[in-house]
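Data first, discussion second: the structure below is written as structure tokens.
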Amino acid sequence: LKDADGEMEERNHVLRHQNRVNNLLIKFTFLLNLLLLSSKMAASILSHSLSVISSLMDSAVDLASGFTLWLAAHQMRKSRPYSYPTGRKRLEPVAVIILSVIMASVSVQIMVEAVQTIYNMAANDQGPPIMSNLTIGLVASTIVVKVSLFLACWKFGRGESVAALKNDQLNDSLSNSIALIFSTLSARIEGVPYLKYLDPSGAIIIGAYIIYSWWKMGAEHTRNLTGYSADPAFLQRITFICVNHHPSIERLDTVRAFHLGNNFMVEVDIVLPRDMDLHEAHDIGESLQQKLESLDEVERAFVHLDYEFAHHPWTEHKVQ
């Protein structure tokens, strides 16, 4: 038991350290995105490239996403027990879902503009973009920084907020690469008339990829907010803690764990001796509840006490 408690305390210490690292990554990424936004804005003005403009819009939303995630993390640390009795940790997945909707909306608008540009080019009302060496250098430097941020989030970051940031950096790296390649080919290669359509086509590809990636992330968080079950490894871990908690526990009747946002709601039914005193049974159940809630992944734990296990577990609760 001492080994199990020590392992749990060490795991919680690692998780607290990881939270500090995540906060640093969020702030550092936000500041760099702020600098990159001005660089992309200059490249967009110089080139008039729709692919570069689409990547500029992506960076603008990146800033909004970084600020939203920081604001959600800041609000989560504020304790308002009367208004939010179970805390506000679900602000983080809600923020990611809102961001996924915003990113999809912006991407649709870019794709509509790209289709309009293709039509104008076909009517000879609009020419290819202007990609100078300065513009190419600005976009290329943005790609290098974005790849570096992605690697930093991948190596040092954990958790849903950093996963959203990592997804942002990957999207931005790919979108900037497509923007650079397509706009440069469209502007620099002469004599091939159809190459001028590469620039708006690149904007369409960027928009479609952003919609898909953010839809996937938003769908995952929506699933978690609606109470999706925990994975078998986490259930096994909860079972191990319960079984080894106290020698008077005769049987573990039921173990449930399901998402309540990023963290889990845990319910366990333990079987105690029929003739055990109430105060002793209460102390066992309460100490087990506190042990389960000491896990950083657990938002709330409920321990139900019983003296037999012949009934079906589902008869005890209302399930819809």
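Backbone N, Cα and C atoms are what each Cβ position is placed from, and that goes for glycine too.
Annotated domain 'Cation efflux protein transmembrane' per TrEMBL: 28-225, in sequence order.
TrEMBL lists 236-306 with the feature domain 'Cation efflux protein cytoplasmic'.
The transmembrane segment annotation in TrEMBL covers 24-46 (among others).
When Cβ-Cβ distances below 8 Å are used as the criterion, the transmembrane segment (52-73) is approached by residues 23, 26-27, 29-30, 33-34, 36-37, 40-41, 43-44, 91-92, 94-96, 98-99, 102-103, 106, 110, 114, 129, 135, 139, 142, 161, 164-165, 168, 171-172, 175-176, 179, 183, 202-203, 206-207, 210 of the same chain, each at least six residues removed from its ends. Annotation source TrEMBL lists transmembrane segment at 52-73 (among others).
Per TrEMBL, transmembrane segment is recorded for 94-112 (among others).
Summarising the annotation, TrEMBL assigns transmembrane segment to 132-154 (among others). Within its own chain, the transmembrane segment (132-154) has Cβ neighbours under 8 Å at 25, 28-29, 32, 36, 39-40, 42-43, 46-47, 49, 52, 55, 59, 162, 165-166, 169-170, 172-173, 176-177, 179-180, 184, counting only residues six or more beyond its boundaries.
Helix, strand and coil content of the domain 'Cation efflux protein cytoplasmic' (236-306), in residues and according to DSSP, is 24 helix, 28 strand, 19 coil. A Cβ distance under 8 Å defines the sequence-distant neighbours of the transmembrane segment (94-112), meaning residues of its chain 6+ beyond its ends; these are 50, 53-54, 57-58, 61, 64-65, 68-69, 71-72, 160-161, 164, 203-204, 206-208, 210-211, 214-215, 217-218, 221-222, 225, 261.
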